Amino acid sequence: MDASSVPPKVDDYGMYTTEISHHNPIELKNLLSSSDSRRNSQDEDSLPNNTNLIKEIDWQGEKVKTYPLNYQTVPLVKLQVIACLIMFVVFGMNDQTVGALLPTLIEYYHISRVDVSNVFIVQLCGYVMASLSKERLNKHFGMRGGMLLAAGLCIVFLIILATAPSSFYVCMFCGLPLGLGIGILDSTGNVLMGSLLVHKNELMGIMHGLYGAAAMVTPPLVSYFVEWGHWSLFFLIPLFFSIIGMIVIFPAFKFETASKYDYLCSVENKESNNDVEEAGDNSLMESTKASPGFFELLRNPAIFLYSLYLFLYLGAEITTGSWFFSYLLETKSSNKVAMSYIAASFWTGLTVGRLCLGFVTERFFENEYKASKAYAFLTLSSYTLFVLVGLINSSSVFYFVVLFFVVFCCGTFIGPLFPNASIVALQVLPKRLHVSGVGVAVAVGGCGGAAIPYLAGVIAHTVGIQYIPLLCWIMVALFTLEWTLYPKFIKGHEEYF
């Protein structure tokens, strides 16, 4: 390669890439890096106050345009943020739609709970496909291609679902491409927000808050469409947001090409090599040390425990959100509209917890581990009340108010556990394992988010749906126990515990 192709260091430019071209992952690298910490605390007035910050660079015969990830000075970044916020509304609705429609699908298609639970497994397969194909998508099509593919998949298959397919297996198959699209959107949104130069934490909270808010309003909305007699038309709502998102994605990501992905990956390789000594021109195209494999990463105690924690956590969270509505209808009341509001209490609490408890953590706890430990015990206490209150059979208004409040508390305290655990994991892991370690843990956690709800469907079918709260309590108790013992297995990082 000639010297003109060697890119300069671009410390002031955020990294969008999910994995580097030489198999060295860099996704979410900037979330807790020291340089980003300095940027996040930088006074906003010191940032350049002009919009002409897009630079054009020659890279392997093509023009690559780079710019700082500052939405205040680069309008294009603001559009990218807006696109991700819109698509996270689709993400939230998608995650709760299956749970809200479970009773309707069982009745409409004359299938069992086990059959309808297969949707969780199919969506997991799509999400895993997204994890395995992210690097290849970015390498060949850039982030722009990945985002357009994701929004396009949502549009096409939401249209199919809106027609109320005559076969349940068509609905089940739609979960695969939807899971693929949502997986791409999830990764892109977190990478973008985590790489912003200003207000990254606030915008990350808003994005995940929109996810929770969308999941919160889904059960009541679905119930109204079911009562109306046209349940499938609910899919027109996420379809609308997907179309708007697609319209915004076109201009927002127009410069996020495959060439830019390759350029940024090469820059990252050069910066990694410079930790040893200043590399020569040809070093940009040399492969750095190969990343450890999946099972090798799991042998690291910090990664294994983090993975197990997410497996149990996502199993408890998604099982509660997906099966709670069906549990209410079959054990408490057949009033779908009224029960949908109680079912929404969990997602309401989760949204409140993720938006508000972050401020509590900063002001009242020494570190994220201690905050998460306290929230985990509060979650366990709330789920204990959930199990006990669920044993009572009553149709009084007071009873349902108490049940609403208890489940709201379950959502509130379980909400911040995922992001806090991720912060702790990144604190104790060496920097070179940040992305690969988190990637493995999220993949394992996603398996829990599909396997446990599926197990809940099997239990509901064989022994009764009344045992769903107990299953969730067991998951919460296990991840609380693991989090309590976590420091005993992680040596040399006492300052974080």
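Each Cβ is built from the backbone N, Cα and C atoms, and glycine gets one as well.
Both L192 and D262 carry the same topological domain label in Swiss-Prot, so the record keeps them on one side of the membrane. According to Swiss-Prot, of the residues S37, S46, S37 is the one noted as phosphoserine. The DSSP breakdown of the topological domain 'Lumenal' (227-232) into helical (H, G, I), extended (E, B) and coil residues amounts to 4 helix, 0 strand, 2 coil. Taking pairs at least six residues apart, the transmembrane segment (440-460) and the transmembrane segment (301-321) share three or more Cβ pairs below 8 Å and count as touching.
Note: the stretches the transmembrane segment (206-226) and the transmembrane segment (341-361) are in contact (3+ CB pairs below 8 A, sequence gap of 6 or more). Packing against the transmembrane segment (145-165) from elsewhere in the chain are residues 83, 87, 90, 94, 108, 134, 137-138, 171, 174, 177-178, 180-182, 184-185, 188, 231-233, 235-236, 238-239, 242-243, 245-246, 249-250, 253, 256, 258: each is 6 or more residues past its ends and has a CB under 8 Å from a CB in it. Away from its own ends, the transmembrane segment (233-253) comes close to residues 76, 79-80, 82-83, 86-87, 89-90, 93-94, 97, 101, 142-144, 147-148, 151-152, 154-155, 158-159, 161-162, 221-222, 225 of its chain (Cβ-Cβ under 8 Å, at least six residues beyond either end). Summarised by DSSP class, the composition of the topological domain 'Lumenal' (322-340) is 15 helix, 0 strand, 4 coil. Only pairs six or more apart in sequence are counted, and the transmembrane segment (341-361) with the transmembrane segment (398-418) gives three or more Cβ pairs under 8 Å, enough to call it a contact. For the topological domain 'Cytoplasmic' (94-144), the model's average pLDDT works out to 83.
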